Each structure stands twice: as C-alpha cells, then as structure tokens.
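If you check TrEMBL, you get these features:
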- A:38-94: domain '4Fe-4S Mo/W bis-MGD-type' (DOMAIN)
- A:Cys45, A:Cys48, A:Cys52, A:Cys80: [4Fe-4S] cluster binding site (BINDING)
- A:Lys82, A:Gln144, A:Asn169, A:Cys173, A:257-259, A:Met345, A:Gln349, A:Lys503, A:684-693, A:Asn768, A:Lys785: Mo-bis(molybdopterin guanine dinucleotide) binding site (BINDING)
- A:Trp758: substrate binding site (BINDING)
Amino acid sequence: MGMTRRQFIKRTAALTAASLVGVELPKIEKAAQAADVEEWHPGVCRFCGVGCRVYLGLKKGKPVAIKGIPESATNKGYLCMKGMLFYRIIHHPERLTKPLYRERKDQPFREISWEEALRIAARKFAETVVKYGPDATAYYGSGQALTEETYLFQKIMRGGLGTNNVEGNPRLCMASAVGGYLTSFGADEPIGSYADIEKAYCFFIIGSNMAECHPVIFRRVMNRKFAKPNEVKVINADPRVSPTSRIADLHLQFRPGTDLALLNAMAYVIIEEGLYDQEFIQKYCKFKIGKPPKDVTFEEYKEFLKQYTPERAAEICGGNITPEKIRTAARWFATSKATMSLWTMGINQRSRGVWANNLIHNLHLLTGQLCKPGADSFSLTGQPNACGGVREGGGLCHILPAHRPVKIDKLRHQVEDLWGIPRGTIPPKPGYHTIAMFRAVNQGKIKALWVNCTSPAQSLPNCDFYRKGLAREDLFLVVTDIFPTKTTELANLVLPTAFHFEKTGVYGCTERRSQLTVKVVDPPREAKPEVWIVREWALRMAEEFERLGDRRRAENLRICVKPFLGKEEGYELPKAIWEEYTQKLTKGRDNDLSGATYEVLKQRPDGVQWPAPTKEHALKGGTYKKFVRGIDPLAEEEGRKLGISGPYVFYGPAHKDHKLYLWLRPYKGAAEEPDAEYPFYLSTGRVIDHWHTSSMTGRIPELLRANPYAYVEINPKDAARLGIKPNDMVEIETRRGKIVLPAKVYEGPIQGMVFIYWHDMAEERMANRVTKDAFDPGSKEPEFKICACRIRKVSGPRPLKPYVVGHKI
Amino acid sequence: MKMRLGLLAVGLLALVFSCAPQKTPGPQVGKKPAVAHPELSPQEKLIACSDCHRTETPEIYREWYQSRHGIAMVKCFQCHGTFETFHQPTRETCRTCHAKAYDNCPKDKVCWECHTPHAFKRHQ
Ligand code: SF4
C-alpha cells in the first residue's frame, strides 16, 4: 500500500477535515441498519439497570440491528455501546443449545434430552429434600432474570419444597440500598424518578462512576449540567477520579471508606450554618440511634455530629479533602433549588453500606430535599431487573413477593393463602443469604443448588474459596444460562435458556418502572425459557415426591404450578405468571402493580411506574413520585385512611409511625484496612464496555476489543515509588491470593489505592480471587469495594490474551 | 518508543475502524473505505483506537475528547466500526441515537456537513 501508519492516519484525518469544507467524501457504504431492517420490535435493553428502550430490527426473522427509541422517557433515543450491540448475542454461535449432563464433575459433559434433564433435576432435588430436609436445597438467581422467572422459581422453592433458600445476585449489589431505604423511609426503592434529573440544580454523585456504569443516565445529568452550566452544580465524591468527574464542579477525593465521616460533616455544616429545613424535620422526621432503635432529640443529634467538624472529617478523609470543600459541598447541597443524590456500588458494597445509605438520606431529610421536583435521594440499580424481579418479586431469602418480610406471620400467611397452599408450608425463618449460602455449600450443608442466569464462581468475593464448595462432588449443581461461564464449568447439569426477545417478560428498572419485552424470535435449537423449565421441573418433582412417599410436597408443587398448566411458553405462560403476581400478590401492597397488565404494558410504550393500583393510573404511566398527594394514588388513599393531612404521606410499610428516620451513624472503617504488610487499598469496578462477568459482552468483538482484559490502575506517585511503568506486569496480592495484571499509571485512584476491573475471566487476572467476603451485618452485602493489598512489579510489558470461557477468540 | 508508536498506530487504526454502525461485522459492509488501515497484528487489534490516535491525530482526539460524545464515552467504534468493518459513518449511523435530528435535518446532507465532526457542535 506504500503508506506508513502515520501517513495513513494523517490521511484519514485529512479526509475527515475535508468533509467540513465540502470536499467530496470517500464513498460511504450502504446504510447500515434501517435500510436492511424489515421490522422493528420494541423492548428494553438487556444490560444495566437504566432500562433503556430499544427497537430490535429483524431481517427475514433474524436480528440485525438495535436502535434507541427517541420517544422513550428513559433514554430519549440514546444507547450505550452495550445496548447497541446486544442483538449479536441472539444468534451467537457459542450459545448453549442442548441440555448437558455429567454425573461426576471430573467427567466430560454429554448431551441429553430435555426429558432426561428434567427428570434428573427433579430426582436430585426431591431426594435431597427427603434425605436431608428442604434447607439442603437452594436457588441462586439474578437481577437479570425476568420478574416472571424469579417469581416462579421462588414460588416453587418456598411453596413447593418448603425452604426460604432463595437468593439472588442483587444481594451483591443492591442489598445495602434496600436496607437504607427501609430504615430511613420505611419503604424500599427511590421516591423519585429519572425525570427529576431535568429539574435538579445540584447533583451529589457519590460512590458511582455513572459515566461508565449508567451511561445513558449520566448523559442526562451531563446535558442538564451543560444546559445551565452556572446554575447547576455537580459534586462528585469518590476516592477515584473517574470519567464521571469530568462534569464535576467539585471533586471530593477521600480515602476509601471514610465517606461516613464526610457525610456526617456535611450534616454538621448544614446544622451549624442553619441551612436545615426545620418545618420538614418537625413534620415528617424522627431521630434514631442503635439497634433496637431508640428515639433521640435534635439536640442529641447535634451533639453527636460534633465529632465530625469539617476539620476533623478532613483529617479522617485524607486525600484532597479540605474543610472548605466540605462546607462548599454542604452549602450547595442544602441551598440549591433541588438536589438529587445518585450513588451505586461505592456506597452499597461495603461492610457499612446501609449506614452510608442512611447518611445520604439524612442530608435530604435535614434539608427537605425530597418529594419536590428535582429533589431526591436516588440509588442507581446495577442490573436490569434487580428492582423488579428480585426486590419486588421475592427473590431474596428474607422477603416474599411484594415487599413482604418472611418472618412476619401475617404476611407469610397471606402469601400461602393467595397461593392456595396450607398455612405453615413456608417456614418463618429466612433462608441463607448469599455469602451464608455459599459457605453452607462449602460445608456440605447444601446438596442441591440451582444457579440461574449468573456466575457466582466469578462474581462472589474471595471466589476461589467458594469455588472449592461448588466443585464438591456431593453438591449437585444445576446451571441455567445462555453461554458457558466459570460456573457452568463446575456444574452437573447445564440447561440452555432463551435470551432476551426470545421470551416474554417484564424488567423493572431503577425508577420503579416495569417494561415488557415480547418474544419476537425463537431461541436457538433446544434452548428454552426459564418459566417453562421451572414448570416442567416442578411437575416432575411432584412425581418424584409421590414416589418417595412425600404426598404433601407433591400436592403443594401441583398447586403451585396449576394456574400455569397447558400454557404456551413464549407468551401465555409468562402472562399468566405476571397476572398472578400483580393481581394477587402486589394488590394492596406499596408496589401495587395490579393496573399494569400485559395489555396495559403493551399500550404504554414506556411501561408503568408503581404504585399503579388501577388501569387508569397505569395507562397514564403510573407514579412519578411516591408519597406525594396528587401524584401518588396511594398517598391519597393512605392519607385519608390514616387521617394525615398535608402534601406528603409516608405510608412505607416498615415505619408504623409514618415518619422518616434520621440516623445517628458513626464513622467506621472497612473490615480490612491497609497495614504494614498490605499497605494499599484495593478497589474494584466496571468499565462501560463490559457487562459484569463479560460472558456476553466478551463475545461481541467491538466490546472485547475495547477492553480485552483487566488492568490495574495505579497512581503515578505510587508507581514512581515502586518503579512501575505503564504496561508493566504487576502482582496484586491480598490475604486471599494473587493475580497479575498490566499496570495503567494515571491520576485516577487516590495515592495509596489501586483499582481493578472485575469482568476478566482469565484466572491470572480475575479480580474476585483476591477481594474480601466480609459483609454488612444489616444488608449482608459484601465489601467488594475495599480490602488491603500489596503490589509489586513482576516484569515489563507482556503480550496478553483475552479469555472468555468457551469463546473462540 | 518505536514499539509504542507502532502500538499506538495500531490502536488508532482500530479506533478509526472500530466505530462502525450497528451492523453485523464483516463481509456485508460493502465497499472498501477509500483508505485502508495498515495491517494490525492480533495483539495490536486489542488496543483501543483512542490510545494510538491520542498521539497520532491529536487534533481529532482532542475534539472528540472534549465533545459531548467524548464526555459521554461514545467511543470510536460506535460510529466507525472495528478494524475489520471500518467505515465512514453514514446518516444512518447517527440515527441510531439521533432519530429526531435525523428527521429534522436536511436529507441531502451528511450530518457532519453542519455538525463539526468529532466535536459535534450544534452548527458549524
Ligand atoms: S445505559 Fe444500560 S440500559 Fe441503556 S443501553 Fe447502556 S446498558 Fe443498556
């Protein structure tokens, strides 16, 4: 070609510039998508919790494109690269398409029929229950499963087998947010919506790299900031300067885990400078301390905060925090026309995650920055259906559908009655939470485990430890998924499932919005929707229990699946499940979705935000802001019932006094802080290009290329001290193990901290082999974000290969 | 340094190429671009486009980085495709995100005749 690379690039640049001045452009290829597409079908993105609406484009029945829906209330047409490209997964040649089985884990898998697979799964679970009791079985699900799937799985486990060993990966990402909402507001999930973004004047983004983890919502925040650059303030609080910091007016960079001191200090300034809203506090709030909670006065709260003067907090927080920065942040927060806080895993994945959530809520309660347009305390969800399926649908060990705690007799009996099974079938004791569940696997207490649509072998903290349990020969492990993963490698039975748009169901995103995606293509070969798999498994289990002489369980299982018998699996079956869940289980609860039938969801392109107790309300889109009279029908109704006047009614089921609680929560460090032996903080997170364990995004060439492997980010000062140069190979060692990664030297992480992406599946780079499995005592969410490590250079740059289980790169 | 430059160039290429429209990669892309990207080794293909273009075409990089696309992390491959599918974007590519603008703008012009390429200011 006779052109050097440099010349080529210069030439390309020149061509691009030429287009500016009307010089003829090089010939452009034929239109990429719209021209090729024959039909567009609406649905929701398969990945993060933003809930972007998409059109899937088909040509001759084959998915060939995706585009954003411009009228969408959520994404207004925008998509990030993951959303734009996920159609490539649908017909990917590496999809799992046949049930695979091996009796022993040291044997190779062999293909078997569905009938055989379902019989094996049914026999193993039934025999385990009869021999070891129901708590020797467990289900571990996902915030990516459809609501119908999570609901049916937990119904079978609880109502059929009689165990609360029902968990899901949202425990690893959202549990602390749930704990924070319940203890501060008495009700789970945000009060406001994304629509507040365009009405906010101050954004307090803490512990969240929104630019990469919630790109489309970040874009809305960015647009708001650019629309009113002087009026709108953005505060970004994070130990790491990230792409999110690029729109910040103020970056508060603190030592990992010290944000509890920072948040208390902001409250101190708000009170000291008289910036609080006395009327809001008096009317709606109470001050609380300890467990069991005790009432305290405003004066006692003030006294408590004296430990957190900005001067003292700046010392604790370290980094570039100064007392003046804390004061500025507090003033902007309190005095803006409307303040919206946004946070994700930096706050949640901590041994004091619930407290950190409480302290953010405290700032909103003190200042009355709540319930009015643009003001909200808004936690961002990681997965597309962590809120809908798992939090609302009963996918965690301590909650039944529609926010009913398992241990409350009345609510548990309600569920039993609604399902038509005898009272006493569902045990009152919550099951194992995630870490306890996998510890029980390690101890041999769980003998049969079903993992659906998630890969704990890679996503659990300290995962080597838990992989030992998953590899035990006496554990029968079923995995339902669309691709091979680190977890299918340890399974006995791998069942191929249908992917998005190959089945019908609902995702509920961050802002209480439920959106329906209808099946438009068939799953490949023998892959099946999970709802079909569960129903058929339950029916065969009933036969097994009969054979084993447990008539009661056989009968309960049959009752549980009876409403779904004979239904076609692509649409009718999930519809029947959604109907049961919404009409029977959510009716009268705070997440009332009974107005949001499939018919309504099909008519409502943007879906419905709960509460939506009637079809009329659902057809208008549901509730943009909870607790506000005139907007939220339940606020109206409950206010009337309870005789509460005024614009807001806090009817959250967890606070019988209908008050919001301001909590006195002291600063407490991480479970494992750096010391002489392990002097660095290690933190982990995501990149925009990859979705969680990258079993899907790793198979899309553009996304794999964009971030083919994890690397470790090191502050230049630390790198210089340790003689580490960019791309050198660096060993990260914690008390749990070692990994080796290329170094990226840049001013992202604060000095004394290193940061790793966790999507990489290659053994030598897999972040969770070294992270810590300490967890929050309240939410049981693990502290992925902080542990202690040491680092050392092991070699200069080395060529590396990306690795995805079963992917032919 | 030489190696680094080589790598950079590689990445650049990948970058330019990697911004293809949302289309299945490969043969159906159609006509070859006017200028072919120099060959890349498999390892080089794994470098993000921007890594090379940051130094090789700093003006373009800066324009993109400081634009809304840059801040919102719209990466090269979203508009230009990957190394294998590299192409100049078309109106259809932009439509993926900007359907309203697509409908409102003149049909006989490519988007960047009015909206500065890479910076994408509203109007030139
Ligand atoms: S922001 Fe989230 S929901 Fe939207 S396109 Fe990207 S991954 Fe999908």
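Each residue, glycine too, has its Cβ placed from N, Cα and C.
All TrEMBL annotations are machine predictions without curation.
Taking A:Cys48, A:Asp259, A:Lys503 as the candidate binding-site residues, the subset whose CB lies under 6 angstroms from any atom of ligand 1 consists of A:Cys48. Between the binding-site residues A:Lys82, A:His692, A:Lys785, the minimum number of other C-beta atoms within 10 Å of a residue's C-beta occurs at A:Lys82. When the binding-site residues A:Cys45, A:Cys48, A:Cys52, A:Trp758 are screened for a Cα within 10 A of the Cα of A:Lys82 (Mo-bis(molybdopterin guanine dinucleotide) binding site), the ones that qualify are A:Cys45, A:Cys48. Cα of A:Lys785 (Mo-bis(molybdopterin guanine dinucleotide) binding site) to Cα of A:Cys52 ([4Fe-4S] cluster binding site): a span of 27 Å. The local packing around A:Arg686 (Mo-bis(molybdopterin guanine dinucleotide) binding site), expressed as other Cβ atoms within 10 Å of its Cβ over all shown chains, amounts to 20.
Under a cutoff of 8 A between CB atoms, and with a sequence separation of 6+ in the same chain, the neighbours of A:Asp689 (Mo-bis(molybdopterin guanine dinucleotide) binding site) are A:Met81, A:Lys82, A:Thr697, A:Leu703, A:Ala706, A:Asn707. Each residue of the domain '4Fe-4S Mo/W bis-MGD-type' (A:38-94) gets a DSSP state, and the totals for helix, strand and coil are 9 helix, 20 strand, 28 coil.
Checking the binding-site residues (A:Cys45, A:Cys52, A:Trp758) against A:His692 (Mo-bis(molybdopterin guanine dinucleotide) binding site) with a 10 Å Cα-Cα cut-off leaves A:Trp758.
The Cα of A:Cys45 ([4Fe-4S] cluster binding site) lies closest to that of A:Lys503, out of the binding-site residues A:Cys173, A:Asp259, A:Lys503, A:Trp758. Cα separation, the residue listed as 'substrate binding site' to A:Arg686 (Mo-bis(molybdopterin guanine dinucleotide) binding site), rounded: 6 Å. The Cβ of A:Cys80 ([4Fe-4S] cluster binding site) lies under 8 Å from the Cβ of A:Cys52, A:Pro215, A:Val216, A:Ile688, each on the same chain and at least six residues away in sequence. Straight-line distance linking the Cα atoms of A:Arg686 (Mo-bis(molybdopterin guanine dinucleotide) binding site) and A:Cys48 ([4Fe-4S] cluster binding site), rounded to a whole number, equals 11 Å. For the domain '4Fe-4S Mo/W bis-MGD-type' (A:38-94), the model's average pLDDT works out to 94. A:Asp259 (Mo-bis(molybdopterin guanine dinucleotide) binding site) sits 25 Å from A:Cys48 ([4Fe-4S] cluster binding site), counting Cα to Cα. All protein chains considered, the CB of the residue listed as 'substrate binding site' has 22 other CB atoms within 10 Å. Here the CA atom of A:Cys173 (Mo-bis(molybdopterin guanine dinucleotide) binding site) lies 12 Å from the CA atom of A:Cys48 ([4Fe-4S] cluster binding site). The [4Fe-4S] cluster site, placed at the center of the C-beta atoms of A:Cys45, A:Cys48, A:Cys52, A:Cys80, has further neighbours from the same chain whose C-beta lies within 8 angstroms: A:Phe47, A:Val50, A:Gly51, A:Asn75, A:Leu79, A:Lys82, A:Gly83, A:Pro215, A:Val216. Within the set of binding-site residues (A:Cys45, A:Cys48, A:Cys52, A:Cys173), the lowest number of other Cβ atoms found within 10 Å of a Cβ is recorded at A:Cys173. Neighbour count (other Cβ atoms within 10 Å of the Cβ, all protein chains): 28 for A:Asp259 (Mo-bis(molybdopterin guanine dinucleotide) binding site).
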